[in-house]
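J.: Take this structure first; my questions come after.
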Amino acid sequence: IQCLPLLVTAQVDLVLVLVSLLSLWTRLSRLSYPSSVVFDEVYYGQFVSLYMKRVFFIDDSGPPLGHMILALGAYLGGFDGNFVWNRIGAEYPCSVSVASLRLLPALCGALCVPLAYLLTLELRFSHLSALGAALLLLLENSLIVQSRFMLLESLLIFFVLLAFFSYLRFHNAPSRSWSGSGWLLLSGVSCAAAVGVKYTGLFSYLLLLGVASVHTWNLIGDRAVSHCVSKVLCLLVVPVLLYVFWFYIHLSVLHRSGPHDQLMSSAFQASLQATTHTDSPGSGDHSCLPSGCLCFRQELVVDTPPRPIRHGDVIQLVHGMTSRFLNSHDVAAPMSPHAQEVSGYIDFNVSMAAQNLWRVDIYNREAESEVWKTIVSEVRLVHLNTSAILKLSGVALPDWGFRQLEVVAEKLQKGHSSSLGWTVEEHRYGTSQEQKEREAELHSPTHIDVDRKISFWSKFTELQWKMLSVKQEESEHKYSSAPLEWLTMETNIAYWLHASTNAQIHLIGNPVSWGVASLSLLAYQLLATVYTLRRRRGLKDLSDGAWQRFVSLGFVCVGGWMMNFLPFLLMDKTLFLYHYLPALCYLYVLSPALLEHIRTLRSALCVCTAAVLVAILLSYWNFCPLTYGRPELSANQLQALKWRDSWDILYRRR
């Protein structure tokens, strides 16, 4: 018996390996410098600390996956969350592994370079064009800066590039290939991850769905290559399920009560640890009575009546400490004169009779119960005499009202508003007639053990709605910019400045490659217009294969730029230069592929291309001190780097 030798054949792309190593070196070297909080690390670090402590929070800027990835890096480095993220430039203590906090964003940023190389190959361009795309990303100073800190843009760009590369690998794979199906599944997972990091990832996801739809339309009727079902499953069903799964992990990990609880419903708050809630039907209030004015929280704490209160019942609400009845009459409220005053009634012998009867309207009774219960029942309180509805005006009272929110009764209400709804959160019951004893009883909740777990879907839908509807106030920022200013890099962002020297880090792109990207965009649009008009007249400058490749390049790269740039023109929010980076990466893939497409004047093109590459390398090296924060430059050297008058570069004269 003759034993045959086991042969293993492997193909290694040395260029891919080289650019990958260079990318890892540019993004990961000396990652712990500077050892202080840099720009938006002060924002994302707070969420990382809350993850470490399992404390619930809401971030209205996007879904939770990006925060979870940052928290994973912190967890691997042993971070316990005990750090106060209160200012940019604050020094990290020795107990905090700064490199681990920044590791995963830096790693994803490094992997973007080989992904750009592979994506160009899947667009059916040469290895030389793929190398050009990789070099443009490799030597882009702004991408390096954004990757080396605890920020989200590098994660977003990584998942977007991975999604397109995986899909094109599937599209180019042989029919009925199991490996092709695996690439399609990876594309769907990457789309879900991109949207899970930032909602702006939805732009690229919609573009990929558009490209997949065009490919599917072209394949209709071809029985040998039918991927319709698999595309629906992998590109629609899987991303939706994974998007929900990110929130499942988020809500499972963050099970403790935190500072953002007040934004959620009572049922949601009751599901968190360290929040005591008990069940009791009834009526009452949680308030104080300065100067006779009643000030509420948006929850009521109630006494137990002889029988359960039901929808439609007429009740009186009694203040536990003072035994005053909740009263309203046709007198203007102190801060909201269009509404009625609400107060604790006192008989001052002014011939104004008490009007302290309220009708209970349980507006979620169809889903819950006709009986008024804590946590689950959402009620409106309708004043019996005037038909006005008890509500929060949203205005804070002056000092005499202890700056609490004003409660009023308002008549004309169309539809449902959250300011009209009231819930009972806990039951406090006092039986003593003595004032001090009654106060002591009312300060201690009457505990009744009730299972207050609500379903994941209820928590998911409520959290999703809050993230989309509750917006923080937008404010002007020194380094904010308009989208049209991004095209020519009119502005920069100072990320970090050393406390005593001129060492500093700025978000400034490579001006040469930035200009090449913009010129490539204009050149493609011009060529596409000329080709389309000539083909309309029956003149074909390109073969069908070359034309198809040119169109595919435009769909992915120009379409990607448009989908990630044009929506910002319509956004009414504070924007920064780093919002342009995903769109810029598409143009870096476009530029070398477009050069390969142009086949005339080859010798002149080679000379120009070499000159541009040298200029890009020199520009990268020139701005390295502002990219890595070292070496420290003098004031004159920093002034020389101010290529545009609109750039804000800081320096100390000595």
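Note that Cβ sites are derived from N, Cα and C of the backbone, with glycine treated the same way.
Sharing the feature lines straight out of TrEMBL:
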type	residues	note
TRANSMEM	6-25	transmembrane segment
TRANSMEM	62-79	transmembrane segment
TRANSMEM	99-118	transmembrane segment
TRANSMEM	150-168	transmembrane segment
TRANSMEM	180-197	transmembrane segment
TRANSMEM	203-220	transmembrane segment
TRANSMEM	232-249	transmembrane segment
DOMAIN	306-363	domain 'MIR'
DOMAIN	368-427	domain 'MIR'
TRANSMEM	512-530	transmembrane segment
TRANSMEM	550-570	transmembrane segment
TRANSMEM	576-595	transmembrane segment
TRANSMEM	604-623	transmembrane segment
J.: With CB pairs under 8 Å as the measure, which of the listed stretches 99-118, 180-197, 203-220, 512-530, 550-570 comes out on top against the transmembrane segment (604-623)?
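T.: Ranking 99-118, 180-197, 203-220, 512-530, 550-570 by Cβ pairs under 8 Å to the transmembrane segment (604-623) puts 512-530 first.
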J.: With the transmembrane segment (150-168) as the reference, which stretch in 512-530, 550-570, 576-595 has the largest tally of C-beta pairs below 8 Å?
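T.: Looking at each of 512-530, 550-570, 576-595 in turn, the most contacts to the transmembrane segment (150-168) are made by 576-595.
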J.: With DSSP helix as H/G/I and strand as E/B, how many residues of the domain 'MIR' (306-363) fall in helix, strand and coil?
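T.: Helix, strand, coil within the domain 'MIR' (306-363): 0 helix, 22 strand, 36 coil.
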J.: From the DSSP assignment alone, can you count helix, strand and coil residues within the domain 'MIR' (368-427)?
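T.: Result for the domain 'MIR' (368-427), in helix, strand, coil order: 6 helix, 26 strand, 28 coil.
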J.: When you check the transmembrane segment (203-220) against the transmembrane segment (550-570), do you get at least 3 Cβ pairs under 8 Å, counting only pairs 6 or more apart in sequence?
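T.: As far as Cβ distances go (cut-off 8 Å, pairs 6 or more apart), the transmembrane segment (203-220) and the transmembrane segment (550-570) touch.
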J.: Other than its close neighbours in sequence, what residues sit by the transmembrane segment (99-118), given a CB gap under 8 Å and a spacing of at least six beyond its ends?
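T.: Residues packing against the transmembrane segment (99-118) from afar: 15-16, 19-20, 22-24, 26-28, 31-32, 41, 45, 48, 69-70, 72-74, 76-79, 130-131, 133-134, 136-138, 143-144, 146-152, 154-155, 157-159, 161-162, 165, 585, 588-589.
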J.: Check for me, if you would, whether the transmembrane segment (232-249) reaches the transmembrane segment (62-79) - at least 3 Cβ pairs under 8 Å, residues 6 or more apart in sequence.
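T.: Answer yes, regions in contact.
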J.: Looking only at residues six or more beyond either end of the transmembrane segment (550-570), which have a C-beta under 8 A from one in the stretch?
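T.: Residues packing against the transmembrane segment (550-570) from afar: 123-125, 164, 168, 200, 203-204, 206-207, 210-211, 214, 483-484, 486, 521, 524-525, 527-528, 531, 542, 579-580, 582-584, 586-587, 589-590, 593-594, 597.
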J.: Would you say the transmembrane segment (576-595) and the transmembrane segment (512-530) are in contact under the rule of three or more C-beta pairs closer than 8 Å, pairs 6 or more apart in sequence?
T.: yes
J.: So are the transmembrane segment (180-197) and the transmembrane segment (576-595) touching or not, going by 3+ C-beta pairs under 8 A with a sequence gap of 6 or more?
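T.: Contact criterion not met.
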J.: Could you please provide the mean pLDDT value for the domain 'MIR' (368-427)?
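T.: Overall, the domain 'MIR' (368-427) comes to a mean pLDDT of 79.
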J.: Checking distant contacts: for the transmembrane segment (576-595), what same-chain residues at least six beyond its ends satisfy Cβ-Cβ under 8 A?
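T.: Cβ under 8 Å, 6 or more out: 112, 116, 119-120, 123, 125, 128-133, 136-137, 140, 142-143, 146, 151, 153, 156-157, 160-161, 200, 203-204, 477, 479-481, 483, 486, 489, 491-493, 507, 509, 513-514, 516-518, 520-521, 523-524, 527, 553, 556-558, 560-561, 564-565, 568, 605, 609.
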